[in-house]
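Annotated in TrEMBL:
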- HIS106: active site, proton acceptor (ACT_SITE)
- 4-8, 14-16, 86-89, 178-179, 202-204: NAD(+) binding site (BINDING)
- CYS114, CYS117, CYS138, CYS141: Zn(2+) binding site (BINDING)
- 1-238: domain 'Deacetylase sirtuin-type' (DOMAIN)
Amino acid sequence: MAGAGISTPSGIPDFRSPGSGLYDNLQQYDLPYAEAIFEIGFFHRNPAPFFALAKELYPGNYRPNPTHFFVHLLHQKGQLLRMYTQNIDGLERLAGIPPEKLVEAHGTFATATCTSCLQKYKGEELRPAVMSGSVPKCSACGGVVKPDIVFFGEELPPHFLKYLTDFPLADLLIIMGTSLEVEPFASLAGAVRSSVPRLLINRDPVGPFVWGRRPQDVLQLGEVMGGVQALVEALGWTRELQALMAAGKTDGWQREPIRTVFSSVAS
Ligand code: CNA
């Protein structure tokens, strides 16, 4: 299970980290409250703030980091049952994790749908409008075209229900870079059998690692890249991971320069 914290080393802000998270940096949109930018009711009234943000988050602006490639390596080794991600940045796919191994629980920018006539679009078709700072409109009816990401107030995609068969089969659950505050995703942490070890790699203890610890739970607190690196070293997989990253043309363990996301959104 993964959240925004696995992509902060790629330069994408998360929601809730104090100071750097999106919720602390949305002042320029004059929102009634921070979460409104991802609420479907607010979007229907005023889609512009969301699309200003989407311009920054749009796939193509950022690269996967070793955390994403670690999950790909788990897959290569036949150890990945499924990756459940809350992220909408598409970095899992870019790192080469096959789509059938992914449950993008909060949707994806890869496809989009007209909010009026439901015509389907590829995410790439929206790119020119989004990058020019305008709201993409449907070529058939002129309605607003919304990327297929799940807003607060919308249903999760049907394939989220795969968890009903996946989680009872897991023999290890790794949870990385998430505050476990968004339901129903957060509750998946309790869906593995009670004997199954759960490893949390995160800056802080979250969710059941605070209020419902199980005896076999393991916490690796700190930076996600450091935690993953320690795990990969313990497994003796460092060279294989480096080879995978080299094939994926990413920049090793080094943190990529953080783009000044908010100043460019403001401009
Ligand atoms: P969140 O609520 O912002 O929590 C992030 C968690 O990750 C916090 O516990 C942080 O302490 C932790 N964290 C952040 N950076 C690191 C790091 N470098 N090392 C270790 N821990 C770190 O984000 P969640 O994913 O839990 O919340 C779910 C929302 C966020 C979903 O709906 C996402 O769609 C949404 N989101 C996604 C992205 C993305 O796609 N990259 C970006 C921002 C928000």
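Cβ atoms are placed via backbone N, Cα and C, with glycine included.
Where TrEMBL records a feature, it is marked here on the structure.
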residue: ALA4; record: NAD(+) binding site; CB count, 10 Å: 22
residue: SER7; record: NAD(+) binding site; CB count, 10 Å: 27
residue: PHE15; record: NAD(+) binding site; CB count, 10 Å: 19
residue: ASN87; record: NAD(+) binding site; CB count, 10 Å: 24
residue: HIS106; record: active site, proton acceptor; CB count, 10 Å: 22
residue: CYS114; record: Zn(2+) binding site; CB count, 10 Å: 20
residue: CYS138; record: Zn(2+) binding site; CB count, 10 Å: 18
residue: CYS141; record: Zn(2+) binding site; CB count, 10 Å: 13
residue: THR178; record: NAD(+) binding site; CB count, 10 Å: 28
residue: ARG203; record: NAD(+) binding site; CB count, 10 Å: 16
Check: same-chain CB within 8 A of Zn(2+) site center, minus CYS114, CYS117, CYS138, CYS141:
THR115, SER116, LEU118, GLN119, SER139, ALA140, GLY142, GLY143, VAL145
Kindly assign PHE15 (NAD(+) binding site) to one of the three DSSP-derived states: helix, strand or coil.
coil
Taking Cα atoms as reference points, which of the recorded positions HIS106, CYS117, CYS138, CYS141 is nearest to PHE15 (NAD(+) binding site)?
HIS106
When DSSP states are folded down to helix, strand and coil, where does CYS114 (Zn(2+) binding site) land?
strand
Long-range same-chain neighbours of CYS117 (Zn(2+) binding site), Cβ under 8 Å, sequence gap at least 6?
CYS138, ALA140, CYS141, GLY143
Using the alpha carbons only, what distance in Å do you get between ASN87 (NAD(+) binding site) and HIS106 (active site, proton acceptor) once rounded?
7
Restricting to the domain 'Deacetylase sirtuin-type' (1-238), report the mean pLDDT as a whole number.
94
Select, from ALA4, CYS117, CYS138, ARG203, each of the binding-site residues with a Cβ positioned under 6 A from at least one atom of ligand 1; if none does, say none.
ALA4, ARG203
About how far apart, in whole Å, are the alpha carbons (Cα) of ALA4 (NAD(+) binding site) and HIS106 (active site, proton acceptor)?
11
Distance [Cα-Cα, Å, rounded] between the residue listed as 'active site, proton acceptor' and ARG203 (NAD(+) binding site):
22
